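*Asks:* Sharing the record's features from TrEMBL:
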- 12-34: transmembrane segment (TRANSMEM)
- 12-438: domain 'Major facilitator superfamily (MFS) profile' (DOMAIN)
- 83-105: transmembrane segment (TRANSMEM)
- 117-135: transmembrane segment (TRANSMEM)
- 175-195: transmembrane segment (TRANSMEM)
- 207-229: transmembrane segment (TRANSMEM)
- 264-280: transmembrane segment (TRANSMEM)
- 300-318: transmembrane segment (TRANSMEM)
- 325-344: transmembrane segment (TRANSMEM)
- 350-371: transmembrane segment (TRANSMEM)
- 416-434: transmembrane segment (TRANSMEM)
Amino acid sequence: MAALEPRLRKKVLRVIFISLLLDLISFTFILPLFPKLLEFYRDREAPSYTTKPGSATLLQWLLTGLNRYKSAFSRPIEARYDIVLLGGAMGSLFSLLQAVASPLIGALSDRYGRRTALLASMCGNILSVLLWVAATDFRTFIASRVVGGLSEGNVQLATAMATDISDGASRGSTMAIIGACFSIAFTFGPGLGAWLSTIPTVAANPFATAAGFSLALIVIETVYLYFYLPETLPALTGNGGEGKGKKTQQAATPKKAERTNSHFLLNAVHFVFLLFFSGMESSLSFMTYDLFAFNSSKNGRLLGFIGLVASVLQGGVTRRLPAIVSVRAGVLACLAAFALLGRVSTVGGLYAAATCLAVTSATVVTGLNTLSSFEAGEDERGGKLGILRSWGQLGRGLGPVLFTSVYWWAGREYAYNVGATGMAVVAAAVLLGLKTPKGGEKAKVAK
């Protein structure tokens, strides 16, 4: 692939950054709203879990199943955690749907172009948020999450576009821009969503204001992408530059990658890492309440601290590190976080663990995406990155359920020791199994 003009590369990077930031801020609106949102549907549709045979609503059926699940544990789980468990189950559903959809979205982008695939994905996102705006009942809300899980492709397609427009020397810093979008969005998005939820507009759906604002951001993002995003797929542009979405007669034969790390190992590391990391994330609200009586406000400050530190690291450190160094540093920081959380007894210790989590958030996934992109040819990057994301989302889907089960079955210390053991296995695979890819060697000497 011919080198991309600096002017065009800056344009694509600007479009990726702005669109992904809009997308992720919109996505994070709903995160702090889950407890109150689910309580609203519960109070309306399932004030009691006991109903006549055949008359149970979908929400009553789900809550009854969760209570049967809770009763299997020797340690009692208070009723106030029903909503937390249900919210975790819905988060798992979204991730599992992403695991199914991501390889397909990536393959479609390799065939028809990143721009076409992304605009199609945005149409699904608009439908998803429209359903949330209209979700006066739980079934409609579930439908919005299903559509969103199957159609969300902005992150993986932004990653594919970032690899299209970068060479070995600039790949890591380009990928770090995507990680920075995550950190910024997760720092400010949840707080903004929580504030919008306090503004009533539709009595039948108290969260319509937040949903409507989310819809506005998604529509603005879609219009912006339609007018300003050029095609980046080399097979359609011929030189990686701006194209019109049609194959050119002069398009070069796609360049094949020189393999250093197997995709199997990269996918396995991504899956196992996120299996344990997402489980730890899902357990934090349980642990902070049990140990320190944290309320939603204090938990919000803790998560905001993690996002802020991760943002600083993404902007100042991660983008300058070789991808393999980022992954190794992040995995070791995650191992330290597990060790600390299993033994922490002070708020200061909790924030030390949170700092380790911020390092992990700023490095591992971005680094794995970069390493995977070096192992894929120009005509298969979308598919390979989609498969990598699919395995990661599978880990995100299973991790919270499995980890919280161990947490309630055997206690905090045992659960985090199991997590530390799993992360030690991941660290060994990363330190001993992964190597700097041939294309990534340029980054070591690049200014």
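Each Cβ is built from the backbone N, Cα and C atoms, and glycine gets one as well.
Because TrEMBL annotations are produced automatically, they should be read as predictions rather than curated entries.
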*Asks:* Considering pairs 6 or more residues apart, do the transmembrane segment (175-195) and the transmembrane segment (12-34) have at least three CB pairs under 8 Å?
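*Replies:* When sequence-distant Cβ pairs are counted, the transmembrane segment (12-34) touches the transmembrane segment (175-195), since at least 3 lie under 8 Å.
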*Asks:* Honestly, do the transmembrane segment (207-229) and the transmembrane segment (264-280) touch, with at least three Cβ pairs under 8 Å and pairs 6 or more apart in sequence?
*Replies:* no
*Asks:* Six or more residues out from either end of the transmembrane segment (12-34), which same-chain residues have a Cβ under 8 Å from its Cβ atoms?
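*Replies:* For the transmembrane segment (12-34), the far contacts come to 4, 83, 87, 90, 125, 129, 132, 152, 154-155, 158, 161-162, 165, 174, 177-178, 180-182, 184-186, 188-194, 196-197, 207, 210-211, 213-214, 217-218, 220-221, 224-225, 228-230, 232, 296, 300.
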*Asks:* Which stretch from 264-280, 325-344, 350-371, 416-434 shares the most C-beta pairs under 8 Å with the transmembrane segment (300-318)?
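*Replies:* Stretch with the highest Cβ contact count: 350-371.
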*Asks:* Which bits of the chain, at least 6 residues beyond where the transmembrane segment (264-280) starts or stops, bring a Cβ under 8 A of a Cβ in it?
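*Replies:* Answer is 95, 327, 331, 334, 337-338, 341, 357, 360, 364-365, 368, 371-372, 375, 387-388, 391-396, 398-400, 402-404, 416, 419, 422-423, 425-426, 429-430, 433-434.
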*Asks:* Within the same chain, where does the transmembrane segment (325-344) have neighbours whose Cβ lies under 8 angstroms from its own Cβ atoms, ignoring anything closer than 6 residues to its ends? I mean 6 or more beyond.
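*Replies:* Sequence-remote neighbours of the transmembrane segment (325-344) are 172, 269, 273, 276-277, 280, 287, 291, 318, 350, 352-354, 356-357, 359-364, 366-368, 370-371, 412-413, 415-417, 419-420, 423-424, 426-427, 430-431, 434.
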*Asks:* Cβ under 8 Å to the transmembrane segment (416-434), counting only same-chain residues 6 or more beyond its ends: which ones?
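*Replies:* Contacts of the transmembrane segment (416-434) (Cβ under 8 Å, skipping residues fewer than 6 from its ends): 261, 265-266, 268-269, 272-273, 275-277, 279-280, 324, 327-328, 331-332, 334-335, 338-339, 341-342, 371, 403, 406.
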*Asks:* Who are the chain neighbours of the transmembrane segment (350-371) in space, where the CB to CB distance is under 8 Å and they lie at least 6 residues beyond its ends?
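*Replies:* Residues packing against the transmembrane segment (350-371) from afar: 159, 171-172, 175-176, 178-179, 182-183, 261, 266, 269-270, 273-274, 277, 280, 288, 291-292, 302, 305-311, 313-314, 317-318, 321, 323-327, 329-331, 333-334, 336-337, 340-341, 344, 385, 388, 392, 434, 437, 440.
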*Asks:* If you average the pLDDT over the domain 'Major facilitator superfamily (MFS) profile' (12-438), what number do you get?
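*Replies:* It averages 86.
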